[in-house]
Amino acid sequence: MGQEKLYIEKELSWLAFNERVLQEAADKSNPLIERMRFLGIYSNNLDEFYKVRFAELKRRIIISEEQGSNSHSRHLLGKIQSRVLKADQEFDGLYNELLLEMARNQIFLINERQLSVNQQSWLRHYFKHYLRQHITPILINRETDLVQFLKDDYTYLAVEIIRGDTINYALLEIPSDKVPRFVNLPPETPRRRKPMILLDNILRYCLDDIFKGFFDYDALNAYSMKMTRDAEYDLVHEMESSLMELMSSSLKQRLTAEPVRFVYQRDMPAALVDVLREKLTISRYDSIVPGGRYHNFKDFINFPNVGKANLVNKPLPRLRHLWFDKEKFRNGFDAIRERDVLLYYPYHTFEHVLELLRQASFDPSVLAIKINIYRVAKDSRIIDSMIHAAHNGKKVTVVVELQARFDEEANIHWAKRLTEAGVHVIFSAPGLKIHAKLFLISRKEGDDVVRYAHIGTGNFNEKTARLYTDYSLLTADARITNEVRRVFNFIENPYRPVTFDYLMVSPQNSRRLLYEMIDREIANAQQGLPSGITLKLNNLVDKGLVDRLYAASGSGVQVNLLVRGMCSLIPQLEGISDNIRAISIVDRYLEHDRVYIFENGGDKQVWLSSADWMTRNIDYRIEVATPILDPRLKQRVLDIIDILFSDTVKARFIDKELSNRYVPRGNRRKVQAQLAIYDYIKSLEQPD
């Protein structure tokens with residue numbers, strides 16, 4: 001079999017994932033406003049795809065053409081553009097369908113031509129007092145450099161200023177970072193109707209207010225557009241520059257980086273399209289997409305709660321882990337010292353982790369805190385706790401990953417703020433991004449120093465802990481805490497030899513251990529012993545690991561995969577992957593945790609990890625996976641995995657055709673895994 005048929009291109013697999021998001025917008029069993037929000041998620045995902053994956057592909061094509069080689073990437077580019085165009089057409093149809101459905105529910109998203117006299121007057125007042133101060137037209141002339149001026153992924157109105165036979169052009173930025181994108185209008189009769197208007201259409205209505213008195217014109221016409229830039233940057237090393245200075249300089253490159261996508265309103269005049277293409281230096285490799293009247297649908301992620309309660313998801317209140325609430329424990333450390341604690345977000349509240357770090361910041365027994373941050377919330381209580389700890393005389397070390405994509409600027413800010421507070425801030429070594437989710441608290445207890453560790457699958461982020469599924473293991477088990485200490489030493493001295501007996505740490509031992517564990521399952525299958533591999537991942541694209549899974553399947557090992565995003569492996573290929581089943585689940589929460597399960601001859605090994613099975617995570621990042629040593633907690637993870645694989649509502653097959661076919665229910669009972677997991681965890685968290 002040809003090698004190209006053994007793997008799905010990761011870019012196409014990623015687009016198939018985003019099409020699963022679009023399926024959620026189309027799913028009539030989802031509440032109406034949630035469906036509208038899924039359109040926003042789809043749009044936001046696609047923006048990131050163009051910034052990162054499409055931009056990388058464009059660079060590969062240019063390099064191959066400069067070298068005179070025949071590029072497979074150019075063929076892939078055509079496939080991508082065809083697939084995106086088809087999905088975008090479906091998106092437009094869905095949006096119009098949802099607008100009609102909203103109208104049936106008395107929610108009206110109207111445009112500037114549908115305003116009543118009363119609403120027109122109200123909007124002019126709104127524009128004058130809340131919006132006008134944020135509007136400054138960019139006039140387009142021979143000297144205008146739009147690549148320098150325009151912001152990445154912002155919506156602009158391109159305005160024709162027509163005077164006789166002369167047409168001039170200007171751009172207006174839609175200031176959705178300063179004013180809400182959705183504006184509630186005064187209701188008309190019948191008063192149960194809830195009219196709203198998009199910020200874009202307020203500007204269209206108020207064009208006269210913007211240009212009158214400055215330009216003579218017979219007519220003004222406005223058309224929407226946006227541009228997406230390449231998100232890559234180069235770290236240009238200078239002898240006297242710190243990593244923070246290099247990152248700050250490199251981020252400025254991103255602000256003026258090459259465009260990779262130009263989206264414009266379908267009825268924009270051809271002459272205006274040509275002017276914008278020329279000014280934005282759009283090349284034949286870039287994506288040029290004629291679209292609808294509105295862009296930046298990512299704002300629809302925050303579509304407001306209007307109308308009846310049944311138009312949004314029924315709330316699932318966060319659950320407390322009742323172990324922390326037992327009266328015998330004076331604080332969180334007492335609870336963790338007695339036994340390991342496993343939290344599973346967003347079903348459990350993230351408050352337990354925030355509270356433990358708050359306690360550590362002032363507890364007289366705490367000597368030191370070490371933590372690594374990758375993406376934190378905008379108003380991070382964790383950062384506040386680290387600053388308070390430093391003020392209280394604790395030895396605080398915060399590892400800040402300055403190269404966390406799209407969070408670089410925020411992390412530079414946090415690093416400066418922490419340093420000013422007296423926190424010891426360290427950064428990753430060049431080319432070795434830190435993606436592990438760790439903290440280590442050292443506490444004086446009698447004559448001993450007892451260490452408490454956190455190993456997680458997700459970021460220390462209060463916001464994403466409400467939306468992403470992730471595990472936190474909290475432990476005082478010295479077998480684990482001693483090795484977490486070694487990980488922090490490795491982070492500070494990445495070129496010193498270090499060994500681990502329990503933890504799986506990239507780039508030190510992850511590939512070797514994963515190969516060994518897969519090979520052991522192969523040997524067990526060949527000897528007739530219990531064998532099997534179950535993986536829950538965001539992405540599975542490392543060819544070495546995919547090939548190892550193919551080998552396991554060929555030896556009779558049953559492999560079950562739950563992959564949310566990219567999956568290069570093709571299940572159910574005859575003679576290659578007959579024993580591999582792969583599904584994906586997209587639902588109200590983003591499936592983010594990584595779990596590795598190996599049958600191990602009947603003595604199952606269960607790992608929780610920060611690492612996906614991508615080459616970068618295995619070989620070029622610091623990642624940590626921990627075994628679950630407590631049998632109770634191991635069973636809990638196994639139970640949750642069983643529920644996920646029993647899903648008959650939101651599970652889709654991953655297949656060669658990228659069909660996103662739903663797993664048929666057959667005669668099985670209806671199981672929506674995320675709701676079932678909530679009920680399962682709720683049943684565990686009952687008072688004694």
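Backbone N, Cα and C atoms are what each Cβ position is placed from, and that goes for glycine too.
So that you can see what the record holds, here are the features copied from Swiss-Prot:
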- N45, Y468, R564, H592: ATP binding site (BINDING)
- R375, R405: Mg(2+) binding site (BINDING)
- 430-464: domain 'PLD phosphodiesterase' (DOMAIN)
- H435: active site, phosphohistidine intermediate (ACT_SITE)
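Sequence-ordered, the extra residues of this chain that approach the ATP site, with Cβ no more than 8 Å from the Cβ center of N45, Y468, R564, H592, are N538, G565, L590, E591. DSSP states for the domain 'PLD phosphodiesterase' (430-464), grouped as helix (H, G, I), strand (E, B) and coil, give 1 helix, 19 strand, 15 coil. According to DSSP, R375 (Mg(2+) binding site) sits in a coil region rather than a helix or strand. Over the domain 'PLD phosphodiesterase' (430-464) the predicted model carries a mean pLDDT of 94. Rounded to a whole value, the Cα-Cα separation of Y468 (ATP binding site) and R375 (Mg(2+) binding site) is 13 Å.
Taking Cα separation as the measure, R375 (Mg(2+) binding site) is nearest to H435 of the recorded positions N45, H435, H592. Across the residues annotated as binding ATP (N45, Y468, R564, H592), the widest Cα-Cα separation comes to 15 Å. Across the structure, R564 (ATP binding site) and H435 (active site, phosphohistidine intermediate) are spaced 19 Å apart at their Cα atoms.
A 10 Å cutoff on Cβ-Cβ distances gives R564 (ATP binding site) a total of 22 other Cβ atoms nearby, all chains included. In the three-state DSSP scheme, Y468 (ATP binding site) falls into the strand class. The secondary structure of R564 (ATP binding site), as reduced to three states from DSSP, is coil rather than helix or strand. Neighbours of R375 (Mg(2+) binding site), defined as other CB atoms within 10 A of its CB across all chains, total 18. The DSSP secondary structure for H592 (ATP binding site) is coil. Long-range C-beta contacts of the residue listed as 'active site, phosphohistidine intermediate', restricted to its own chain and to partners at least six residues apart, with a cutoff below 8 Å, comprise Y374, E401, S610, A611, N617, R621, I622, E623.
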